[in-house]
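Sharing a structure here in structure tokens format.
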Amino acid sequence: MKPTVAIVGRPNVGKSTLFNRILNKRVAIVDDVPGVTRDRNFSEAEWCGKQFSLIDTGGYSRTGDTFSAAVLEQSLIALQEANIIILVVDLRTGITDIDLEITELLRKQASEKTVFLAVNKVDNNLMESDAQLFRKLGLSEPYFVSALDGRGVAELLDAVIAHIPEDDAPESDDTVKLTVIGRPNVGKSSFVNAILGQNRQIVTDIPGTTRDAVDSRFKRNGQDFLLIDTAGLRRKAKVDDNIELFSALRTEKAIERCDVAIILLDATQGLENQDLKVINAAAQKKRGMVIAVNKWDLIEKDDKTAIAYEKRLREELRNLSYVPLLFISALTKQRIYKAIDIAYQVWQNRRMKIDTSRLNNLMLNDIKRTPPSSKSGKEIKIKYLTQLATEPPLFGLFAGNPQLIEEHYKRFLERKLREHFGFEGTPIELKFRRK
């Protein structure tokens with residue numbers, strides 16, 4: 001298991017900037033507004049060959065509002081999960097009452113953990129004399145850094161990895177990568193929390209309360225999963241500041257990273273245009289998909305309600321008939337684990353490799369019974385098939401005049417492939433080559 005390093009501190013001291021500097025990429029949302037990192041942001045990091053998980057927490061604050069209380073809870077969970085803690089303070093503001101509170105919190109909650117003090121915004125050697133003030137906090141020897149330009153960060157990381165033992169057993173790459181997507185307030189974070197069994201994300205009834213995408217690992221039936229929750233896709237007209245824009249881009253990146261997208265819909269509102277955009281985003285990236293209709297507990301129903309609801313959805317999503325659909329409630333946990341099990345099956349389907357002889361025995365019989373035709377009258381003869389790739393499954397079909405094969409016949413071939421081999425939840429690609 002990789003050790004976990006948590007970055008903590010009050011709002012706007014530069015925690016997310018340090019997080020991004022360590023990763024050498026922009027992962028956490030960084031803005032001048034205090035409290036922008038409202039949730040814990042996870043990522044895998046490496047320094048000098050040693051790997052660790054890095055957590056960027058929301059800023060510790062005591063303003064008394066709902067979000068500050070929730071962020072405090074998240075920070076406490078991060079302290080429990082972490083093996084090593086980096087406390088970030090701000091040279092420009094000096095030691096504040098909140099810095100003292102956090103220091104006391106660390107003494108009580110993390111007395112057995114390794115704590116590093118990073119004095120941020122120390123932009124040159126002359127400023128280091130002022131930074132000596134932070135020794136009064138009574139923590140470890142302070143490290144003077146500038147997260148913005150990288151000054152001193154290497155020395156800090158050298159000290160951090162000195163406390164990380166050599167990794168004897170590297171993690172398996174055979175991990176199912178899932179992402180939970182949907183428009184705002186369909187219950188994505190509630191779903192993640194229900195699966196993980198802890199309040200890993202800030203959840204309120206306000207749309208958009210999950211700003212950053214968050215990675216979480218869990219096991220089910222011996223299988224490793226990586227679960228990525230996202231900020232939700234928004235209509236472009238509503239992305240009216242740089243924070244929301246970057247969150248929307250993060251959602252698209254999360255789709256790129258995943259194997260299977262669990263797409264949440266709101267049972268109380270039906271299918272909306274924004275839902276279609278979310279679904280199309282996953283389909284265009286050729287990802288596996290599972291549609292989970294959430295808040296099913298709020299629907300008045302009889303024994304025919306689910307059948308009628310699914311029929312209506314299927315009519316609106318005709319091109320995605322291969323995508324499994326189920327009804328869930330993140331609040332009551334109804335069928336949430338079934339959603340994970342179906343996603344696992346979709347993951348397996350994406351990796352399925354069909355033997356060439358079996359493929360041709362079944363498919364060439366179908367092609368013989370229903371041969372392709374062209375408007376030009378030229379003969380189109382498909383001679384054989386082979387699977388070229390997986391994730392998603394890609395099939396090569398070798399034929400004479402392949403450019404004349406029409407779209408309706410391509411759909412026929414895809415339908416037959418699914419009838420014979422399944423491939424539920426995953427797109428199939430066909431590539432025609434001249435023979």
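Here the Cβ of each residue, glycine as well, is placed from N, Cα and C on the backbone.
Pulled these features from Swiss-Prot for this protein:
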- 9-16, 56-60, 120-123: GTP 1 binding site (BINDING)
- 182-189, 229-233, 294-297: GTP 2 binding site (BINDING)
- 3-168: domain 'EngA-type G 1' (DOMAIN)
- 176-351: domain 'EngA-type G 2' (DOMAIN)
- 352-435: domain 'KH-like' (DOMAIN)
These are the binding-site residues: Asn12, Thr57, Asn185. Which one scores highest on other Cβ atoms within 10 Å?
Thr57
If you count other C-beta atoms within 10 angstroms, which of the binding-site residues Lys15, Lys188 is the most crowded?
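Result for the most crowded candidate: Lys15.
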Helix, strand, coil residue numbers for the domain 'KH-like' (352-435) per DSSP?
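Taking the domain 'KH-like' (352-435) as a whole: 32 helix, 20 strand, 32 coil.
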Among the binding-site residues listed here (Asn12, Lys15, Thr57, Val122), which has the Cα closest to the Cα of Trp296 (GTP 2 binding site)?
Thr57
Any idea which of the binding-site residues Val122, Gly182 has the thinnest Cβ neighbourhood at 10 Å?
Val122
Any idea what the Cα distance is from Lys188 (GTP 2 binding site) over to Thr57 (GTP 1 binding site), rounded to a whole Å?
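Roughly 20 Å, rounded to the nearest whole number.
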Please report how many Å separate the Cα atom of Gly182 (GTP 2 binding site) from that of Thr57 (GTP 1 binding site), as a whole number.
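For Gly182 (GTP 2 binding site) versus Thr57 (GTP 1 binding site), the Cα atoms are 24 Å apart.
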Calculate the per-residue pLDDT averaged over the domain 'EngA-type G 1' (3-168) and state the result as an integer.
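Mean per-residue confidence for the domain 'EngA-type G 1' (3-168): 80 out of 100.
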Could you tell me the C-alpha distance between Lys15 (GTP 1 binding site) and Asn185 (GTP 2 binding site) in angstrom, no decimals?
27
So if I draw a 10 Å sphere around the Cβ of Trp296 (GTP 2 binding site), how many other Cβ atoms end up inside it?
22
Tell me the Cβ neighbour count for Gly9 (GTP 1 binding site), meaning other Cβ atoms within 10 Å of its Cβ, over all protein chains shown.
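Taking all protein chains shown, Gly9 (GTP 1 binding site) has 24 Cβ neighbours within 10 Å.
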